[in-house]
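As recorded in Swiss-Prot, the features of this protein are as follows:
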ZN_FING   26-82  zinc finger
ZN_FING   121-163  zinc finger
BINDING   Cys126, His129, Cys149, His155  Zn(2+) binding site
REGION    168-211  region 'Mediates microtubule-binding and homooligomerization'
COILED    194-258  coiled coil
DOMAIN    271-329  domain 'COS'
REGION    326-358  region 'Disordered'
COMPBIAS  334-345  compositional bias 'Acidic residues'
Amino acid sequence: MNFTVGFKPLLGDAHSMDNLEKQLICPICLEMFSKPVVILPCQHNLCRKCANDVFQASNPLWQSRGSTTVSSGGRFRCPSCRHEVVLDRHGVYGLQRNLLVENIIDIYKQESSRPLHSKAEQHLMCEEHEEEKINIYCLSCEVPTCSLCKVFGAHKDCEVAPLPTIYKRQKSELSDGIAMLVAGNDRVQAVITQMEEVCQTIEDNSRRQKQLLNQRFESLCAVLEERKGELLQALAREQEEKLQRVRGLIRQYGDHLEASSKLVETAIQSMEEPQMALYLQQAKELINKVGAMSKVELAGRPEPGYESMEQFTVSVEHVAEMLRTIDFQPGASGEEEEVAPDGDEGSAGQEEERPDGP
């Protein structure tokens with residue numbers, strides 16, 4: 001079967017061509033896919049150059065010195081669904097090419113080069129001059145308008161520019177902002193993942209220290225149980241304080257990521273608006289929001305070693321050795337025998353507070 005002939009019914013009118021073109025837009029450069037086109041494991045497509053750009057933004061340390069290509073390995077997230085893409089030693093060049101999409105692009109370009117008599121471009125009309133199309137952009141008032149408004153109307157003293165020029169400029173500006181947000185979101189996600197690992201390390205270290213405390217206190221007599229409980233409570237408090245702080249940071253980063261992702265989605269939807277004037281009516285606000293979101297400064301991450309719980313290590317060997325010297329004392333009263341362990345407990349507490357003691 002000839003693929004071109006079988007595909008032509010989908011390209012029969014302007015509406016179908018517009019719908020098809022939307023499916024052939026790269027989510028990174030916001031232009032039609034450029035060859036080679038690679039397909040990700042999540043089945044989304046990217047220009048290989050754009051995939052390389054996203055990978056380098058997410059993995060700056062993997063970039064070869066003095067080169068713009070990545071030699072091997074690494075990972076990044078799909079800008080469409082956030083699925084993590086793990087690369088082999090060939091980097092983005094190890095991703096499979098989507099020859100079907102490349103063929104569709106070739107067919108689309110061939111068909112779109114032919115005149116479509118049924119295709120009639122729609123224009124927004126000027127509210128002041130109902131028979132005039134909106135065809136210029138007022139730089140002073142930052143609104144689309146018509147030629148009569150410039151000659152006779154409210155914008156006669158304003159500076160204007162052709163509508164396509166401002167359309168391309170602001171679309172490029174918004175595209176750059178979206179690319180920065182996508183790269184920033186990958187970095188935020190990496191920070192969240194690192195802090196989740198910090199939480200796990202804190203829990204693991206706390207669990208290990210509790211086990212160590214239990215093992216050491218099992219060799220002591222009952223008079224040390226109260227001290228053991230106090231140390232466990234201190235450890236639990238520190239663990240909870242650290243976990244609360246890190247989880248609070250995770251929530252903050254997560255909220256920022258959610259807000260940023262929603263803004264990216266809104267901006268991408270705006271980029272799909274085919275009408276230049278309608279697009280420009282809302283582009284400025286989106287550009288400002290994207291710029292403001294890109295400049296948001298998040299709280300700092302926990303300092304190195306924050307997950308360590310080594311300060312709760314307890315040395316009881318010298319205390320156990322001292323307790324092993326306790327023996328019957330001929331002639332001692334039962335009251336003295338009961339008081340003696342309390343004195344030992346006090347000595348043990350003093351020894352624990354002096355890490356340099358014998």
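From the backbone N, Cα and C atoms, a Cβ is placed for every residue, glycine too.
Taking each Cβ in turn and tallying the other Cβ atoms within 10 Å, the top scorer among the binding-site residues His129, His155 is His155. Compute the center of the Cβ atoms of Cys126, His129, Cys149, His155, which mark the site for Zn(2+); besides them, the chain residues with Cβ within 8 Å of that center are Glu128, Glu132, Ile134, Thr145, Cys146, Ser147, Leu148, Lys150, Gly153, Ala154. Listed binding-site residues: Cys126, Cys149. The one with the lowest count of other Cβ atoms within 10 Å of its Cβ is Cys126. In the domain 'COS' (271-329), helix, strand and coil residues by DSSP number 31 helix, 0 strand, 28 coil.
The average pLDDT computed for the region 'Mediates microtubule-binding and homooligomerization' (168-211) is 89. Reduced to three states, the DSSP call for Cys149 (Zn(2+) binding site) is helix.
Broken down by DSSP into helix, strand and coil, the region 'Mediates microtubule-binding and homooligomerization' (168-211) contains 44 helix, 0 strand, 0 coil.
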